Amino acid sequence: MLPPEIELDAELRKVVTIRACCTLRLFVPIKGRPAPEVKWAREHGESLDRASIESTSSYTLLIVENVNRFDSGKYILTIENSSGSKSAFVNVRVLDTPGAPQDLKIKEVTKSSVTLTWEPPLIDGGSKIKNYIVEKRESTRKAYSTVNANCHKTSWKVDSLQEGCNYYFRVLAENEYGIGLPVETSESIKVSERPLPPGKITLLDVTSNSVSLSWEKPEHDGGSRILGYIVEMQSKGSEKWSTCATVKVTEATITGLIQGEEYTFRVSAQNEKGISDPRQLGIPVVAKDLVIPPAFKLLFTTFSVLAGEDLKVDVPFVGRPKPAVFWHKDDIALKQTTRVNAESSENNTVLTIKEACNKRLISELRYRVTGLIENHDYEYRVSAENAAGLSEPSPPSIYYKACDPIYKPGPPNNPKVVDVTRSSVFLSWGKPIYDGGSEIQGYIVEKCDVSDGEWAICTPPTGIKNTHMEVEKLVEKHEYKFRICAVNKAGVGEHADVPGSVVVEEKMEAPDLDLDMELRKIVNVRAGGSLRLFVPIRGRPTPEVKWGKMDGDIREAAIIDTTSSFTSLVLDNVNRFDTGKYTLTLENSSGTKSAFVSVRVLDTPSAPVNLKIREITKDSVSLSWEPPLLDGGAKIKNYIIEKREATRKAYAAVVTNCHKTSWKVDQLQEGCYYFFRISAENEYGIGLPAETSDPIKVAEVPQPPGKITVDDVTRNSVSLSWEKPEHDGGSKIIQYIVEMQARGTEKWSECARVKTLEAVITNLTQGEEYLFRVMAVNEKGKSDPRALAVPIVAKDLVIEPDVKPVFHSYSIQVGQDLKVEVPIAGRPKPTVTWVKDGQPLRQTTRVNVNDLTDLTILNIKETSKEDSGTYEITVANVVGQKSASVEIITLDKPDPPVGPVKFDEISAESITLSWNPPVYTGGCQITNYVVHKRDTTTTVWETVSATVARTTLKVTKLKTGSEYQFRIFNAAGAISKPSDSTGPITARDEVELPRISMDPKYKDTIVVNAGETFRLEGDVRGKPLPTIKWYKGDKDQVSPYFKACDPMFKPGPPTNAHVVDTTKSSVTLGWSKPIYDGGCEIQGYLVEICKADEDEWSL
């Protein structure tokens, strides 16, 4: 059993810092027996759904990909088994933009401002909050606009708001990693305040226990609807005001007063923002009944009613206390019944008579019946009445129609011609003054063509009801007279003549319009509202109407309606671009008439115009612009400048309160691309932005080019080269401009534009002196020039020829193409001669030479081994000549060794062979030779040695008396063909007579100083080896000791030389023994070194 343990790495004991969008990995080794159960948790219980957790018996790993600010905090690890439990925690800080600010509140609202407060974000993104960004949005819009992009407090007063409008507000925090999440007002905020006090208060009525008041509405409702009014009263001698009524109308009756008590009253208005200051009644009121003398006013003195119908007479009256009401009929108190009664209220009395009739006593034998209905038929009967009662009625009369006597009507009144066209005349008239006692049923119109004098009716026989008419189908240019008659039941009345005669022809009238006084002023309309322009017009013929707009077109959404008498233009949902002069033009054959209406849409401004980049440095951009063409109907208050890196999508505010039309945006990143935009702000808000169309690279003109060098001069040209500028200004160098100035002139003229660091200026005048200068150009402009230090005279240079091969040797595989470029120099241009192995080079289609100004080029196609050798290049001009050579080595199999093979020594058991190296080694050093032998009794060749380093070999272990043949191969990277066979030779001892040879100098007397060593040498030959004796004079001289051994030679080269190791100051080498030791033990090795750019080797 082992209690659980957590081995928290030292890095995890600190705060683990990680950038947003990266992957968080917490690897923690653990121990415990049995294997502990692992639990990961967050300090405040946050979810770990996004985390991937892997646990084994030895470790646990928590991974969270694409972390954000909400992944910051304490991660608690708990492991537990039957032996106990263990916990540890890791603090994680995610470097991100901040979370949303907290507890956003509305502190104060006025009719033009809103004051906000908030708390810092709970999560600062791992970096200190630099500032806050405050934004606003009208509830009718979707986009937020910046109020302040650099707020360093946790409160802000947003002013210059539109009274009565609803706004949303949001606040964002910013740290070094960017702008964080916003906190937003959940509901729109109405920009309004408490209303003004109510208007004048009027005392309507007073009783012993009540008062009736009325008042006027407040002059201003504070931008919000009045919800109600609060009436308060104060008793005399008391300072306390108490609410006595709350009403929604502008009047109230206050009851429950004490009779004789004196009261003061005041009224306050209330809207959703609060209660206004109170308006007080000017004088105190005493609660007592008023005494007013009674009075009434009859609206009518005579009332008519049909028999059998009800009659109601309403008479208003006043009086305090309430007066008593009495009705009399014919000076007798009115007897009230269920049919006739009178009722009175506080201020009126009403007499009601049901089923009124005209039964009445008459003393004469005649009676005038009134109240009849015209055109109704009536019958009549009469009853007699005495003291005994009422007789039976008489028989009824026949039916009589109630009507007045009628006559024909008089002539119509004021007949006149209203209008004339080429085929019709418009007439009008009034009703007759006398209608003949009968209603006018219609009118008859007649016409008379003056040319024939005959009258003809123009209307139907029964006439027309209207008092106007268009008489049509008249003959153009004819003269007509007209007359009109009225018609009633009695018949056709007297006619009335239209004054004068009328010639039927088109009436011409120049167009005209009646522009209302309101349209002569500037028409103001709020953005989002409707523009309605109504203009009466006239003209004959009906004029053609054209609406237009100066400096632009009317939107297609405009609705234009036109008749012969008016034209109207309606444009709904107007915006700032609808501001301007609207022109109205009327035109007909009689002329034209124009007028304009100035319209101002009260909106945010349009975009500033003519946005320009004035200056760019390596860390700043200077902008300039002009005010918007449309100011939205209000003065521009300020401008808002914003910037955006080309790699980002969001703009950041640079300044939000700019009062100029220019600004220098500094602290920019050199070499980065930026967009910029400018917005104007007026009292209605922030307008449309003007934006740079292309990204602006923050760079400046480059520094001047470096040192200028004269590469060449001729009689008509100069070749120049120069170094790059030390700094390109933050932008790539596009090109270089070369300018020259002839001696005696101050004018610099452009002579070349190049993209490289060199240029050739041609067309110079021989012998003329010139100055030159070079400018570097990037996308921001030209650098200052760099001038050549001394003037140049245009003349041919005389330069001694020179040839400088780049390499002294060239190796090429046989069959491949070879191109050798050899730089040459000289003025005038030297002639070039190629020589191979002492013979002039023969040029063919395969081997040829191409000479350029500063190069001579040897081209060899499909090289062969015959192309190897030494090539000499000679350049010559009038000054002199110079030569250089290059060696061309062709790489191929070597030729066979050069024969014949010699037998230097032959014995019974060995034969010493020797041969000559091949003429062609294949372009490489011969590394070794391969020697084969064959017993002539067989056909099989055997390898004697494959590692022969020299051109001699002693073949041993031969059979005495046997006959052998030998052949030799070269090895130089490849094995050559074999040499010719030696022919048979027998292995046996040779006999050679002894012989001795000495240097001829020993025949002379040799003088040796005392103490010096005297040395005498001789070459002794013979087989077998002869015995040697030395004599001095005639005396036998004992010879020195001689060792019997094979002859010795220098060893071959070491093999497999290679580099074992290198450091910054040493090299470790390794190699193997030579294949051939020269017949003697290797005593040591010598190591030589040679620098790569030198030819001299040293120990």
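Glycine is treated like the rest: Cβ placed from N, Cα and C.
As annotated by TrEMBL, domain 'Ig-like' applies to 4-93 (among others).
Along the domain 'Fibronectin type-III' (100-194), the predicted structure has mean pLDDT 89. If you look up TrEMBL, you'll see 100-194 (among others) marked as domain 'Fibronectin type-III'.
The helix, strand and coil residue counts that DSSP assigns across the domain 'Fibronectin type-III' (197-290) are 0 helix, 47 strand, 47 coil. Under the heading domain 'Fibronectin type-III', TrEMBL lists 197-290 (among others).
Sequence annotations record features per position, and here TrEMBL assigns domain 'Fibronectin type-III' to 411-507 (among others).
According to TrEMBL, the feature domain 'Ig-like' maps to 511-598 (among others).
Per TrEMBL, domain 'Fibronectin type-III' is recorded for 607-701 (among others).
Taken from TrEMBL, the feature domain 'Fibronectin type-III' applies to 704-797 (among others).
The annotation domain 'Ig-like' is assigned in TrEMBL to 801-885 (among others).
Annotation source TrEMBL lists domain 'Fibronectin type-III' at 897-990 (among others).
Look at TrEMBL and you will find 1053-1099 (among others) tagged as domain 'Fibronectin type-III'.
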The domain 'Ig-like' (511-598) vs the domain 'Fibronectin type-III' (607-701): 3 or more CB pairs under 8 Å: yes
Leading contact stretch, 100-194, 197-290, 411-507, 801-885 vs the domain 'Fibronectin type-III' (607-701) - CB distance under 8 Å: 100-194
Residue distribution over DSSP helix, strand and coil in the domain 'Fibronectin type-III' (704-797): 0 helix, 47 strand, 47 coil
Tally of residues which DSSP labels helix, strand or coil - the domain 'Ig-like' (4-93): 7 helix, 53 strand, 30 coil
